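Chemist: Mind looking over this structure? Questions follow.
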Amino acid sequence: MTIPMVLDILFPPTLLLTGASVLTLLSLAILGVLEIRGINMKYSKFVNAASSSSSISFKVPSRVGMLLLYTPAFLVGVASFWLYPADDSRFLFLKSAVTIHFFKRLFEVIFIHKYSGEMSLDTILIILVSYFFVSLSLIYTQTFNQGLSEPSIDLKYLGIVLFLIGISGNFYHHYLLSKLRTKGDKEYKIPKGGLFELVICPHYLFEILEFLGISLISQTLYSFSVTLGSALYLMCRSYVTRKWYVSKFEDFPKEVKAFIPFVF
């Protein structure tokens, strides 16, 4: 029995799609390594980090920047229902999950998050293209599996459960973060409540559960590469985030980990 059969993953039928899977994984992993090396994506706490003369200096308000990041990826999800009106339940669940994921992001930007800073244009362009490409590719690669036999172990319903847990946990912890600030407040505080008592970035942990759910719904090589790459990047981002809190707050609880409770 071959490895693909054991894993029950429907591999992309073309070299191009396999290459895209590898490229996505490597790109996200490299971004994670850059985070640890101090070359951070310039948003949130790191908006002024690792600035260089070659960086595009034009900035926009963070709320505007975040709306720009998520809107194209969300529109890809919406358009997929018109472009690919398939009856296949796996494809329908995948399109729905991708669209809901980015709709939630937009909802949070408009109604939940409290912003005080700006985002640089270069960061906006990098993340916008990344999200757009991931949203498009998750849906497009699934079209190549239409008409193929289903995996012997169907994981899509487990994927739906994990996706719902992930998106709910992510939203809850974003809500807790938003409550740290009152109107006009621009100061960062140590997050409290929920899994913030154990890790500094529980919203990242739940986001990975979201992507793992999407991977199990899809069961393609590309979707698993997105999940693994995202996990590597967010683990690195959470590591530098914890270092930032430790450097800014003398009373930061040392037992609070970065990403995985009691472990990392």
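A Cβ is built for glycine as well, from the same backbone N, Cα and C atoms used for every other residue.
For 150-264, the entry in TrEMBL reads domain '3-oxo-5-alpha-steroid 4-dehydrogenase C-terminal'. The transmembrane segment annotation in TrEMBL covers 15-36, 67-85, 124-143, 155-173, 220-240.
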Chemist: Does the transmembrane segment (67-85) come near the transmembrane segment (124-143), with 3+ Cβ pairs under 8 Å (pairs 6 or more apart)?
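Modeler: Stretch pair touches.
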Chemist: Using Cβ atoms and a strict cutoff of less than 8 Å, what residues sit near the transmembrane segment (155-173) while being 6 or more residues removed from its termini?
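Modeler: Long-range Cβ neighbours of the transmembrane segment (155-173): 8, 89-90, 93, 97, 100-101, 104, 108, 112, 191, 194-196, 202-203, 205-219.
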